[in-house]
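Some notes on the structure that comes next.
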Amino acid sequence: MQLSFVVFKTMKKFCVEKTLKTSVGSTRLGHLELPLFTKAEEGNDGSSNGRSKIDYATPMYFLHTQTGSIPHITAEVLKLIYPTASDTSGQIPPVQISLDATAKFIEPLSKFENGVGKFVGLSEHPIFLTIHDPLYLLRSGHNDKFGIALWSRHGRRPLSPKQFHEAVTAFKPSISQILSDYDVNPEISGMKRLKKSLERAEEYTSYVIKQEETTEREKKKNTGFFITIEASWFLMDEGLATKAVLRLLESQHQIEGVVLAGLSDRFVKKKQEDEVKKDSNGKGSGDSERMDICETLDIELLDKMLQNLPANLPKYVPGPFKLPEMMDLVARGVDLFDSSLASRMADYAEALLLDSVEAILPSISTTMVAMPSSLSEGLAERADKAERQEPPSNSEEGEGAVISLKDKKYFDDFGPLSRFCTCYTCRKHTRSYIHHLYATDELLGPVLIQIHNLSTLDRFFSIMRALVKENDSPESLLEKSALMRNLLKARILIKIEKEDKVAVPSV
Amino acid sequence: KSALTFKVLAECPVTKARASLMTLPHGAVETPVFMPVGTQGSLKGLLPEQLEKLECKLILGNTYHLGNRPGTDLMKKAGGLHNFMHWSHDLLTDSGGFQMVSLLELAEITEEGVKFKSPYDGSECMLTPEHSIQIQNTIGADIIMQLDDVVSSTTTGPRVKEAMERTIRWLDRCMAAHQFPEKQNLFPIVQGGLDPELRKECAKELIKRDTPGFAIGGLSGGESKDDFWRMVHISTDILPKNKPRYLMGVGFAEDLVVCCALGVDMYDCVFPTRTARFGCALTFTGQINLKQQKYKEDFSPIDPECTCSTCTNYTRAYLQKIVTHETVACHLLTVHNVRFQMRLMERIRSNIKTGTFVEFVKSFMLGIYPDKKYPTWSKDALEAVGITLS
Ligand SMILES: [Zn+2]
Ligand SMILES: [Zn+2]
């Protein structure tokens, strides 16, 4: 695929197409070109480095995976969500794979030679290798001069810069996040610990870049690196943090992007940790180590982190943020996200609905008009059916942007998840059926919800891009996200009442 | 008029095997056929479209589960199970009796029906033959089953005879209660435990009624394989050639091949989908457990000859990393295992049609027993229909 819009002729794979800059931030559209690893071409002696390239419009999201698979979605079903590029937003998203749960792939992958994408059945998607699963909570401790700790279902596993380099060599991702000493917590850590973390960031980054330069000459690999910037650095000492970031950026010609880590609260709380221990005697404990959907976003902190970053680097904020928060991030110039929100919602039987926010996001209708014929037929067919027999959904009144299909009110609701959605699930299945699948713990429930939520997330991002294209200012985007947030509020209140969860920082 | 036509396309000149075309209200199905079990209105996480791609056109739903959840009221509102689960091909439902007797400790059988305590509110309920048919009429499957008096296949004594005779009485009540014979096919069930005389008597009594097909029940429940095959053999000898024969609860590859030779046309079993959850993949040379360390660096697909989406996209090495942990692994193995069952049945059908069934059986058996140490029961069973394994 060719770049449709090239502003700067650079070696970088990212270029900014358009920036809307005001006092609250600069919203932007860009293009990220990601190489796709294919082994067949690798032998082409120098001229080709074994990679074709795919061009992505940003802001965009990566498909979130666990142990290399999109939760509940096989390669076969993924093709039903993104049948062809032209049926969706015009792009089939790249895939994010985290090293914490896949470190055990390093050994087989070093013999496999076809890269991690092919290994996990997703060879048509460029791979972004990150360090942590955005849904998995981290524990404090075990980050030392030898490296960092990776936490997963299997417990702890150390990762040294050398092992990280081996992982990149074996995984052959399109881009990779460089490991970072994340274990700085303003509640516990002292200045000495912060300085250690900053020093290690530099050490790790320069080690990885140096290793990669040597290997690159030999093997003609082509992985782009994202540096990691920890939110906690800025919480503890903005001055020191800024200086460290500037030093990290000195090797900029080798750096292709930035991961803004730690904006979602990601440490296991002491209280929870005790619970986990208790659980492990009896029942399974897995879920308490998973992150909940992020209810808040520290915008001031984000602004501090963004301050000194050059415009020509794409910025990725990992984590299960809700749509209004993602919109706020877009308004401030964040380019890259992941679909961990969808993965988490599938666990809760929650479906994302853009129906109620249609008025706020006017380009939904534009998107609908531009829909390919194959999909609009599906919609027409359904509208037809609805007229013929389906009684109006008894529960659509007053629905927010999220509904839980575990709710008994959907027991006999034969409408689709969303009246405006043309995804596979909405074309073929009813709320009543999905409610039944969750009530009986059938594996198909989360599959159908994931299909719909990923399709909706896809539409949301194409709307975001359309808004910026139509010159929607950062202020206007923030206004829209505030309206959306209000629509969601009712639900959040219910949730807080139910769970009565107070986060107590531990000492 | 029945809602089923059964046309024998080819018969094996040696054994009792036959390949046929069974036409049901929701489409034609080639037999011998294996039906995967979609207990609660979905098949272990697979989309209807995926089942179609696997060439699977007839699946089974469980009346007991569906009657509880979502229940008959909703099933009626949804316009039947086909609509509810968006499945446009054929469905079969069981009577609910077997599930009840095996799942509920307190189930008690009387002449009236199966008495049980509701697992939800503890109230006393009764599943009568009429009630079973009424629920199955609401679910709307293409083939429905009579309520039978199920006794454990290892039970002996007068209880077996009582159950066999009651099953016949219940059949008559089911037939009388059946509201839609023009769109749903009611199958009776041959009972009689492991007693050849009772089996014969039951089959002979059942065939006096004009039902569209017949099932052989009460087997595959812990009896010896030697008893098992003899009961199947006796039953298929009596059941009419122009109607389908359904052997309930059987699904191991070897059993399927042997029972096809004995003249059975339809099978169902939870095994291929259940075993997927534990990381087991089925192949023509036996099953493999992908949890095993030896697959860690095995970059071949489960079966290089299999064209399922799992074998096309995934290696054993990756499956080894995710089986029993990620639901995706369960989906991937379910797809492969269902496809395996379909491929096995395709091979059986095509070999019957080309007159090479006997050779097929021999090479199939050699595939799973390369040392030729065949189990006595399958040797005996095949011998009885003219195939000698040597
Ligand atoms: Zn949808
Ligand atoms: Zn396969």
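Using N, Cα and C of the backbone, Cβ positions are placed for all residues, glycine too.
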Do you know which of A:His435, A:His436, A:His452 TrEMBL groups with A:Cys421, A:Cys423, A:Cys426 in the Zn(2+) site?
A:His452
Which stretch does TrEMBL mark as region 'Disordered', out of A:27-48, A:203-224, A:379-400?
A:379-400
Within 10 angstroms of the C-beta of A:His452 (Zn(2+) binding site), what count of other C-beta atoms is obtained when all protein chains are considered?
28
In sequence order, what residues of the same chain, 6+ apart, have a Cβ less than 8 Å from the Cβ of A:Cys421 (Zn(2+) binding site)?
A:Leu354, A:His452, A:Ser455, A:Thr456, A:Arg459
The domain 'tRNA-guanine(15) transglycosylase-like' (A:56-475) [mean pLDDT, rounded to integer]:
85
A:Cys423 (Zn(2+) binding site): tally of other CB atoms within 10 A of its CB:
24
What other residues of the same chain, not counting A:Cys421, A:Cys423, A:Cys426, A:His452, have a CB atom within 8 A of the CB centroid of the Zn(2+) site?
A:Pro416, A:Leu417, A:Ser418, A:Thr422, A:Tyr424, A:Thr425, A:Arg427, A:Ile451, A:Ser455, A:Thr456
Across all the protein chains here, work out how many other Cβ atoms are within 10 Å of the Cβ of A:Cys426 (Zn(2+) binding site).
25
